[in-house]
Amino acid sequence: MSIEMLRKSNPLIHCMTNVVVTNFTANGLLAVGASPVMAYAKEEVADMAKVANALLLNIGTLSAESIDNMIIAGKAANKAGAPVVLDPVGAGATVFRTESCKRILKEVDVTIVRGNGGEIAALSDQAGTVKGVDGSIDSDPVELAKHAANVLNSAVVVTGEVDVVTDGTGTVCGYNGHPWLTKVVGTGCLSGAIVAAFASLKTDDFLEVIGYGLVAYGVAAEKAYEETKAKGYGSFQTAFLNQLGRLTDEDVKQHGRFERS
Amino acid sequence: MSIEMLRKSNPLIHCMTNVVVTNFTANGLLAVGASPVMAYAKEEVADMAKVANALLLNIGTLSAESIDNMIIAGKAANKAGAPVVLDPVGAGATVFRTESCKRILKEVDVTIVRGNGGEIAALSDQAGTVKGVDGSIDSDPVELAKHAANVLNSAVVVTGEVDVVTDGTGTVCGYNGHPWLTKVVGTGCLSGAIVAAFASLKTDDFLEVIGYGLVAYGVAAEKAYEETKAKGYGSFQTAFLNQLGRLTDEDVKQHGRFERS
Amino acid sequence: MSIEMLRKSNPLIHCMTNVVVTNFTANGLLAVGASPVMAYAKEEVADMAKVANALLLNIGTLSAESIDNMIIAGKAANKAGAPVVLDPVGAGATVFRTESCKRILKEVDVTIVRGNGGEIAALSDQAGTVKGVDGSIDSDPVELAKHAANVLNSAVVVTGEVDVVTDGTGTVCGYNGHPWLTKVVGTGCLSGAIVAAFASLKTDDFLEVIGYGLVAYGVAAEKAYEETKAKGYGSFQTAFLNQLGRLTDEDVKQHGRFERS
């Protein structure tokens, strides 16, 4: 599993995401070597989902209609055998968000749910508070993720200070990243899109490939921070896209900090 | 009143804004130390507005439905005692925009209306012309703002060469900023979001806190211009986010040009 | 025909475009000296279109409703004599996209259709494949464009390795640009907006003015690449906006590569 493999594969990622992060998500996917396509209308989402290599459902600026359309797309992706990633932005912040995620999870076979601790906690009936889009939690993210995977019957990625991916049994933790990621909107949402891109790769070891993607993402952030710490968040955002585009497997090998359990 | 106070307060700003500027607004709010949250659906806007510290209603890419939802959110913010900022983008350019603003102003207790001269003139039945989103006016912005505050029964911020905030009686003028702000889309809209963030601070002197926010914003723009004038508008946008994130009260003290009357 | 002429003219470009590229399109138009205005609602699109100097219809994130509203705007622009540019993003990728473009072309007098080879091929019943938003084709783009212009009864711009504009008889080819444009989302969509801006200029030689715009755009990309090739796609995007803002007719004279036939 590697960045090079992702670039060679050049997967088409069908993104149904929120209006805040659409552009950044597309540019981030292009940088890592995937091809983004955004399509939202009920008349076409099934057609797009069935030709895509993965589907991202991000509820950040949901409406009743967009959830309906996500379910149509999700079912088409299921039928086509493409992985579906759900990003439950703001789950727990409003009842509508929590219930909409539960509707999706009930009707679609979601491959991976990716959220911050608060969102994953809210979805899996564990304690947690969500403030805006940067929910933090008190509990151990590994335990949180494993419990959520079992409750939600899907793999779970919890991103934060530690990034965790689990299928409910095995776990990969990644320790890369930088706090400045929280000062650029959409870095969490983009990580969900990157997870979708890595999930599209054929592999026998699902946890490794997703863990690799999370760590690669964190390494790019660390390198971007080193370049721009004297400048600020605007330059960091630009450098982060640069680094996602230039990142090599050698970089990940050298700087990546994984732990498998 | 200060940038430091804003950063410590870390207010949650519920933004219902236009699709052109959503990302830039969120990043600008993060840079100054606020937490943006975007939520638009009728099923959740009241829930979000009542936990937020301020609400921004920006009609830049309005629809009949989005105005309905803004009114739901505005009423919830009113009930919760949170300030509501209306940004009447393009008021005067089409009847639909002018009338939609008037609907909001009738149904919601708007704390501050922030616009350029042309928009504020159009809303308060004063002469003025609006071209696209960069409306310029012939009249004195202080008189325009004061008259508008009385007609609209709300505080008014007019931004432009001079930035003015008034409650209809007292006035603070700010003289910072730079013409390159007009070459980056969303800088006016972001100033409305920044006004909302400063309005969320508890203070006995409303005009001072808003005036401080406007001047701080202008100082950041001046510093960004100095860094990037040989490069261009793209670099200016990046540097402006950098400066918003690095801005200190010492910067504002040193470079800010206020006038109270 | 020149960049200077465009800047003096400062045309108002009414953009109905997709949520992925809205911000970038607006900033690109500002950089070249046009004034963007985004308006989507059925209640106002006719009012906006009739005061604008050109109308851009980009179906990138279409819905049934947005197509209806584009048709209302298109008819108003036709009545006002303003040029209408259609950007058929993803035509061929789904039936809904292809059919929606055909609806627009049937109901609106479209001045120019701008797409990549795959999109233009799909619309004009020529062979071609579209993957995501970066459709590539096997056939000669000049022949493709000329045939499409005759089938669609409108001028056609095909952008790609070679940029072509044709009215079905005469042709201008432009040979500027850089592959990194395909690594920044929205550069194709922005070229459609730039085409709309140049189309708004009064001229006796339509092909020359559009060809000039395409080549100027490509020259800006080449200069941006030279500045940022060691950095990456994020910096390239920023530098491209810088270059669009700083571009002079002298630059185009020096670096532009045209061919008229």
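We number each residue from 1, going along the chain as drawn.
In case you wondered, yes, glycine gets a Cβ from its N, Cα and C as well.
Sequence annotations record features per position, and here Swiss-Prot assigns substrate binding site to A:Met38, A:Gly186 based on sequence analysis. Among the features that Swiss-Prot reports, ATP binding site is placed at A:Arg114, A:Thr159.
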Pairwise Cα distance for A:Met38 (substrate binding site)/A:Arg114 (ATP binding site) [Å, integer]: 19
Distance [Cα-Cα, Å, rounded] between A:Thr159 (ATP binding site) and A:Gly186 (substrate binding site): 13
Cβ under 8 Å to chain B, applied to binding-site residues A:Met38, A:Arg114, A:Gly186: A:Gly186
Nearest-integer angstrom distance between the alpha carbons (Cα) of A:Arg114 (ATP binding site) and A:Gly186 (substrate binding site): 13
Cβ under 8 Å to chain C, applied to binding-site residues A:Met38, A:Arg114, A:Gly186: A:Met38
Cβ neighbours within the same chain of A:Gly186 (substrate binding site) - under 8 Å, at least six residues apart: A:Val20, A:Val21, A:Phe24, A:Thr25
DSSP state at A:Thr159 (ATP binding site), helix/strand/coil: strand
